[in-house]
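Scroll down for the structure; my scribbles are underneath it.
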Amino acid sequence: MADLTKKTRRIALGCEGSANKLGIGIILHEGTSLSSSTSTVLSNIRHTFVSPPGTGFLPKDTAAHHRAFFVRIALQALTAANLTIPEIDCICYTKGPGMGAPLTSVAVAARTLALLWNKPLVGVNHCVGHIEMGRAITGASHPVVLYVSGGNTQVIAYAEQRYRIFGEALDIAVGNCLDRFARTLEISNDPAPGYNIEQLAKQGGRVLLDLPYAVKGMDCSFSGILTRADELAAHMKNGGKGPDGEPFTPADLCFSLQETIFAMLVEITERAMAHVGSSQVLIVGGVGCNERLQEMMGAMAAERGGSVYATDERFCIDNGIMIAHAGLLAYETGFETPIEESTCTQRFRTDEVLVKWRK
């Protein structure tokens, strides 16, 4: 392993492809210690596989997309960063969690770069990547983290070099609930189904339709809510009326779904804040871009004298720069992934990672 003790500039290239986003980012860390180093985003390039309305993205099709675009996106990232290959210290890739075929396609590509350029390889937990990028961008020091995406829903807090999970989804993730309901309504997947539900929900609000509220201790369940929302959508299409005797619209359905599931997320996040004594909430993951979720979380935090931290779509949505950043943090502590162990896994718990770079 390279000696980083006297190196003031460290650069990592990160490769992300756990779902339908292929992202490659390059980050620069400057400084002689982890506590005093600064981070600079040199490039952050992304390309999304978009499936037709009413459909989801299949693993095999998504993997084929990533293979087809990897070289193009990597070259764009290098060009945007204005770097030469010798300046890069390590190659980082998403080890998991995520969809098996897309993960594998990007892991093979990252391994190829590491061998081709003779660079160390660093496997990164996707969830930890989101958290560390969120902390770096917002400056949140000791937040309760709400991680909400298409594949994960977790309430997390840091303790003793681990990101501890206080609560999570018991079945499907909140983003998966939104994505699948978008299919029911045959909403476009471009740029993202959750984003289009958010825009449609802004047109609703005339009536709040009754949906199950499923909080179980610190955990949530979304499958029953989705089933009921699908039933109401079928009722609407057949000319059914709402509780006020008037017809309701797809916008009303989207509004009701968002209000219900976001209220659940606010409740379990507030409970975690009380438990760990934190006044900060950091929202990460693709669903974290949702302005209504940020608004509801902000109202709760303000009542507690706290604040909410969130990033925009450049860093909320899956991206390569978060993998580069988290991977470089680990690499600076001496961590590397041997080529023969550079596998990927669909199940990789957030609390499995030793967060050696935090005291």
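The backbone N, Cα and C atoms fix where each Cβ goes, and this holds for glycine too.
Owing to the predicted nature of the structure, the values given are computational and were not obtained by experimental measurement.
Taken from TrEMBL, the feature divalent metal cation binding site covers His126, His130, Tyr147, Asp318. The annotation substrate binding site is assigned in TrEMBL to Tyr147, Val148, Ser149, Gly150, Gly151, Asp179, Gly194, Glu198, Asn290. The domain 'Gcp-like' annotation in TrEMBL covers 44-324.
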Predicted model, mean pLDDT over the domain 'Gcp-like' (44-324): 97
Asp318 (divalent metal cation binding site) and Ser149 (substrate binding site), compared by Cα position, are separated in whole Å by 9
For Asn290 (substrate binding site) and Tyr147 (divalent metal cation binding site), the CA-to-CA distance in whole Å is 13
Using all protein chains in view, find how many other C-beta atoms are within 10 Å of the C-beta of Gly151 (substrate binding site). 20
Surrounding CB atoms that lie within 10 Å of the CB of Asn290 (substrate binding site), all protein chains: 25
So which one is it: of the binding-site residues His126, His130, which has the fewest other Cβ atoms within 10 Å? His126
Within the same chain, and leaving aside His126, His130, Tyr147, Asp318, name every residue whose CB is within 8 angstroms of the centroid of the CB atoms belonging to the recorded divalent metal cation site, in sequence order. Ser18, Cys127, Gly129, Ile131, Ser149, Asn152, Val284, Gly285, Gly286, Met322
Round to a whole number and give the Cα-to-Cα distance in Å for the pair Gly151 (substrate binding site) and His126 (divalent metal cation binding site). 11
Calculate the distance in Å between the alpha carbons (Cα) of His126 (divalent metal cation binding site) and Ser149 (substrate binding site), and round it to a whole number. 11
Give me the Cα-Cα distance between Ser149 (substrate binding site) and His130 (divalent metal cation binding site), rounded to a whole Å. 10
Among Tyr147, Val148, Ser149, Gly150, Gly151, Asp179, Gly194, Glu198, Asn290, the annotated substrate contacts, find the widest CA pair distance and round it to a whole Å. 18
The number of other Cβ atoms within 10 Å of the Cβ of Ser149 (substrate binding site), counted over all protein chains shown, is 25
Around Asp318 (divalent metal cation binding site), how many other C-beta atoms are within 10 angstroms of its C-beta? 27
